[in-house]
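The domain 'MTTase N-terminal' annotation in Swiss-Prot covers 14-124. The [4Fe-4S] cluster 1 binding site annotation in Swiss-Prot covers CYS23, CYS59, CYS88, and the record cites sequence analysis as its basis. For 153-389, the entry in Swiss-Prot reads domain 'Radical SAM core', with the evidence type sequence analysis. Residues or ranges marked as [4Fe-4S] cluster 2 binding site by Swiss-Prot: CYS167, CYS171, CYS174. Annotation source Swiss-Prot lists domain 'TRAM' at 392-468.
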Amino acid sequence: MTRTQEPLPTVAAPKVGFISLGCPKALVDSERILTQLRAEGYEVAPNYEDAQAVIVNTCGFITPAVEESLSAIGEALDATGKVIVTGCLGERPEKILERHPKVAAITGSEAVDDVMAHVRELLPIELDPFTGLLPVAAPGMRQGDTLAPSVKLTPRHYAYVKIAEGCNHTCSFCIIPKLRGRQVSRDAGAVLYEAYRLIAGGTKELMIISQDTSAYGVDLRHRTSEFQGEQVRAHLIDLAEKLGEMGAWVRMHYVYPYPHVERIVELMSQGKILPYLDVPLQHASPAVLKRMRRPGAGKQLDTIRRWREICPELVIRSTFIVGFPGETEEDFQLLLDFLEEARLDRVGAFTYSDVEEADANALDGAIPEEVKQERLARFMEVAQRISREKLAEKVGRVLDVIIDEFNDDEGDEPGTRLIGRTKGDAPGIDGQVYLYAGDFAGQVKIGDIVQARIEDSDEYDLYGEVIHTPEWRPNVPLLGHFGKH
């Protein structure tokens, strides 16, 4: 006689909404929280209507970001009544409670465990007795150094890899050390295993991020850790060399111009990592840099010249602040002169505004808003001209382009028009390449790396046609069929 077993009743998983605001470093924190939610059996709701509670990962750096975060918290409260606030603004709970006293819980940044404790309290989950959960992290690993496959908030073909948290600088306009603490680096082995897993899953481009990437490992006294049976030092040079051996595009962000960065540029000249440096210069006037409490006054041009001698293909991006307190017309002219001489490839700028709790708020010499805007316009006029001239030099060349999206017109065969980026363009902040697929229409997929002939350019973008679709072969065994192109 055969006994049939009645099916066990299923329990619907609690649904949690999620809002991620701020920079790529905050995005990585969001990915870690979402990974833990999934690992513990929670479902991520696509909208407020389906959510039983909402997590808001906030930004608290500049005033507009604070206001955006507070507005998002309010919307989530109106929709669900249960909101957990985390991230940078969470380091200032009084700011949140003043506007939204009914939030369920507040944590700071890098607080996955705290966030999950509050989620469990708000939405207790009944685990299936026949299903076990493996830990996302192992004993001795830093929070966020995951073993399990993680949730990504970027397309499959690129990812942000955060190598350190916090900052040791005391820039007068910045409150990051107050929000995120002093620098805490991850062991090199943890970073490399994460990169290895990402590439094995089909990721072709890694953006290496932190507040001060050049200082990676200083707090660890550059100790070694294990990666595939080898001891690797927690130093940017060693890390970059190992990452470069994996065969993906490796892009360096937030690189301060310390002397050892020349070794990184040498790796770029050898083709091991992308010839791209995101360098936060902020200004060129020694007087303004001193008031900002920033390094590099008087040495920036010499450093850039040396880098370009080592790697002529190097693309340099930087960001500047215009209208800092005490900035004279002479100071601003020094900045314009620097821009003309340095001929940076990618430039961003914004006008100075007070940041709550920043030391710069107490500086005298506030610049009128109309003067700030006038200087910003002059700055961007120079920057756009230089960008237009530098991009025009690429016309006629064949460049590698990673495809981010389709851009088909109505009536086009699918995959006829593509948008991608060169090795000199990071997603979201730099230029794009608009391509006609030609004979390769319908064959190129998002995430493919193609070769394209550049036919035209403007201030920020390039235009061209696909001429070849080589197969992508990293030095990491791929999971599944991710190797085509």
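Using the three backbone atoms N, Cα and C, a Cβ is placed for every residue, glycine included.
Locations of recorded Swiss-Prot features on the structure.
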residue: CYS23; record: [4Fe-4S] cluster 1 binding site; Cβ contacts under 8 Å, 6 or more apart: CYS59, PHE61
residue: CYS88; record: [4Fe-4S] cluster 1 binding site; Cβ contacts under 8 Å, 6 or more apart: GLY22, ALA26, THR58, CYS59, GLY60, PHE61, GLY108, SER109, ILE176, LEU179, ARG180
residue: CYS167; record: [4Fe-4S] cluster 2 binding site; Cβ contacts under 8 Å, 6 or more apart: CYS174, ILE176, PRO177, ARG180, ARG182, GLN183, GLN211, ASP212
residue: CYS171; record: [4Fe-4S] cluster 2 binding site; Cβ contacts under 8 Å, 6 or more apart: GLN282, MET292, ARG293, ARG294
Check CYS171 ([4Fe-4S] cluster 2 binding site) against DSSP and tell me helix, strand or coil, would you? coil
In which DSSP state, out of helix, strand and coil, do we find CYS88 ([4Fe-4S] cluster 1 binding site)? helix
For the domain 'MTTase N-terminal' (14-124), what is the mean per-residue pLDDT, to the nearest integer? 89
Remaining residues near the recorded [4Fe-4S] cluster 1 site, that is with C-beta within 8 Å of the centroid of the site residues CYS23, CYS59, CYS88: LEU21, GLY22, LYS25, ALA26, THR58, GLY60, PHE61, ALA65, GLY87, LEU89
